[in-house]
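K.L.:
Mind having a look at this structure? Questions to follow.
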């Protein structure tokens with residue numbers, strides 16, 4: 001299962017490698033509005049590609065008697081609260097999303113305005129992060145086999161902290177190398193984490209509850225993004241960009257402590273739940 005999720009993440013990373021670099025070049029040499037127009041056109045191309053997919057789908061099963069949507073939502077939350085592994089993953093993912101959204105909100109502003117990085121070079125730096133994501137997808141299975149899926153998740157939180165720390169530390173002649181290494185580590189750690197946390201919860205969640213658990217965790221993790229973006233803007237205004245970024249690095253450590261205090265810490269290979 002880890003291997004399958006790794007391949008899915010790899011396909012996404014390949015698409016993300018060229019995107020930022022190309023976007024930076026378009027903004028630098030043409031204009032930002034034209035970059036947005038081309039981005040919108042890419043969605044149209046994607047829709048046309050989907051029309052070419054020829055897959056046979058079976059007839060839908062006649063719906064039986066199901067609980068109301070509210071009961072299903074409540075059951076998703078209940079399962080996560082009652083199962084330590086799912087509770088640990090949901091909490092860690094929400095914490096990481098919250099603080100990494102703060103970082104992402106300020107990243108471009110800090111790099112362009114305070115470090116004076118051009119749009120084209122910024123695109124290259126972001127593209128390197130996608131290369132890190134691709135490498136992370138390729139080695140995620142090996143990392144899990146090396147020390148176990150639990151230690152692999154702990155390792156990725158440490159890598160994320162180190163990568164984020166290099167952003168406020170990037171100064172002087174080492175600014176570009178540190179930004180590149182930091183973005184690479186963040187991209188690689190995010191992919192290894194996503195592959196392993198997804199595989200872990202798929203293996204520990206009964207098949208009948210997969211959809212509800214997935215929806216609930218995505219709701220919790222995704223729900224942390226808007227407040228993270230808002231807080232990032234406020235803190236960046238009040239405290240300054242660099243100070244806020246340093247605080248974010250320290251707070252990402254909360255995710256590490258959360259996992260360290262859970263049963264995920266020593267988990268090597270969980271048993272598959274039917």
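Backbone N, Cα and C atoms are what each Cβ position is placed from, and that goes for glycine too.
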K.L.:
Given 56-78, 217-239, which one carries TrEMBL's transmembrane segment label?
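P.N.:
Among 56-78, 217-239, the range TrEMBL annotates as transmembrane segment is 217-239.
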K.L.:
Averaged over the domain 'Major facilitator superfamily (MFS) profile' (86-274), what pLDDT does the prediction give?
P.N.:
91
K.L.:
Would you mind listing the long-range same-chain contacts of the transmembrane segment (217-239), meaning Cβ under 8 Å and 6+ residues beyond its ends?
P.N.:
80, 86, 89-90, 93-95, 97-106, 109, 201, 247-248
